[in-house]
Amino acid sequence: MSAQNLAPPLNTLDFDKKPEETRVVVAMSGGVDSSVVAGLLKQQGYDVLGITLQLYDHGAAVHRAGSCCAGQDIDDARHVCETLGIPHYVLDYEKRFRETVINPFAESYVAGETPIPCVSCNQTVKFADLLATAKELGADALATGHYIRSRPNPSSEHPGRRALFRPADADRDQSYFLFATTQEQIDYLRFPLGGLPKAETRRLAEEMGLVVAKKADSQDICFVPQGKYSDIITKLKPNAALAGEIVHLDGRVLGSHEGILHFTIGQRRGIGIATGEPLYVVYLDARSRRVIVGPKEALETHRVYLRDVNWLGDETLAEAASGEGFACYAKVRSTRAPAPAVLHVDATGTYVDLTIGEAGIAPGQACALYSAPGDDARVFGGGFIERSEREPSAEASLKALLASPVAA
């Protein structure tokens, strides 16, 4: 069945003018999701342009199955556009991607964080540079294959304002990675797959006769060959591979390691020490290159402090979260459902109190905020986790350890 004969998608673009008078740029990664978006919009009669970004060319990474925007993906996107009968363009964003995504990714690991480069890519490349390019091409919208919903916000005092909501397919929910999308970007972006389950997306791809119908989903971090973070970090930041001590929360030196880049908060396997008790990575002390370990209960966190907060509520952040705070739901992991929380803003900063404690929260990760726990919950934005507070005894032990002098 051709794209012209398919039923309309569940999520429309909400424009007042006719589709044939509406130009839409589709960000095409070469995967099934963005390809189906292009096909659905073409079927509805929109003036569709496909754009693929050449983001990197790092040897093995380009040829790795499941990578995004690499050589094969560009070819796949081109074939899809030929099948659909729409123009396709490839833009070289390698330098920009390296400066705004890859280098900060490595720097974050050196600082003892566990970064999310996909958020940075959306912030600085896809929803900034590509969006600007779409506007230069006279497009009315930039459409992507993300699983998230957007629709007009009836509570907004500004006509045309849109809000983000969780998608129909909770297993494919990408709202966690899109918390940093600004209001201006949301108003211009469209997400036609927000109301579709993934299985339906693949079915549509087969009906359209697209070469990517059975293509595997892309991996989260596209530029890391075979998932070996340490290789690219060591290449860009050799200091991250410097040896250091593995220290217990109680101050005992238990062993040594070959670089904090090999560890993340909450890790148990592969620490490299045998003590007869289960120990977990509790903190990465980048300044003194110490990996601090402790029992599982030392990981439990009820409060996280945020930086670079992107607030998408109807009131200002200060109005909403001062005083008793803003009751909401929070996700500190992409795979978890939103859980009850309270957002606060005061003299100490912006922080979220989690009603149910979470274990192994790492700085550099995200905390996304929602109106409710279920699908179609509104996305209120979020921020990057700057630090977390553990249960009192573990927090006291950690502060004492960090304040103590380190042997030369």
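Every residue gets a Cβ built from N, Cα and C, even glycine.
According to Swiss-Prot, the features are:
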| type | residues | note |
| --- | --- | --- |
| ACT_SITE | Cys121 | active site, nucleophile |
| ACT_SITE | Cys222 | active site, cysteine persulfide intermediate |
| BINDING | Ala27, Met28, Ser29, Gly30, Gly31, Val32, Asp33, Ser34, Leu53, Gly145 | ATP binding site |
| DISULFID | Cys121-Cys222 | disulfide bond |
| SITE | His146 | site 'Interaction with tRNA' |
| SITE | Gln365 | site 'Interaction with tRNA' |
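Projection of Swiss-Prot feature records onto the structure.
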{"residue": "Ala27", "record": "ATP binding site", "DSSP class": "strand"}
{"residue": "Asp33", "record": "ATP binding site", "DSSP class": "helix"}
{"residue": "Leu53", "record": "ATP binding site", "DSSP class": "strand"}
{"residue": "Cys121", "record": "active site, nucleophile", "DSSP class": "helix"}
{"residue": "His146", "record": "site 'Interaction with tRNA'", "DSSP class": "coil"}
{"residue": "Cys222", "record": "active site, cysteine persulfide intermediate", "DSSP class": "coil"}
{"residue": "Gln365", "record": "site 'Interaction with tRNA'", "DSSP class": "coil"}
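Listed in sequence order, Leu55, Phe97, Thr100, Val101 are the same-chain residues six or more apart from Cys121 (active site, nucleophile) with CB atoms under 8 A from its CB. Taking every pair among Ala27, Met28, Ser29, Gly30, Gly31, Val32, Asp33, Ser34, Leu53, Gly145, the residues listed as contacting ATP, the largest Cα to Cα separation comes to 16 Å. Long-range Cβ contacts of Gln365 (site 'Interaction with tRNA') within its own chain (separation 6+, distance under 8 Å): Thr114, Pro115, Ile116, Val332, Arg333, Phe384, Ile385. All chains included, 25 other C-beta atoms sit within 10 angstroms of the C-beta of Asp33 (ATP binding site). Cα of Leu53 (ATP binding site) to Cα of His146 (site 'Interaction with tRNA'): a span of 16 Å. Asp33 (ATP binding site) sits 7 Å from His146 (site 'Interaction with tRNA'), taking the C-alpha atoms as the reference points. Of the recorded positions Leu53, Cys222, Leu53 has the largest number of other Cβ atoms within 10 Å of its own Cβ.
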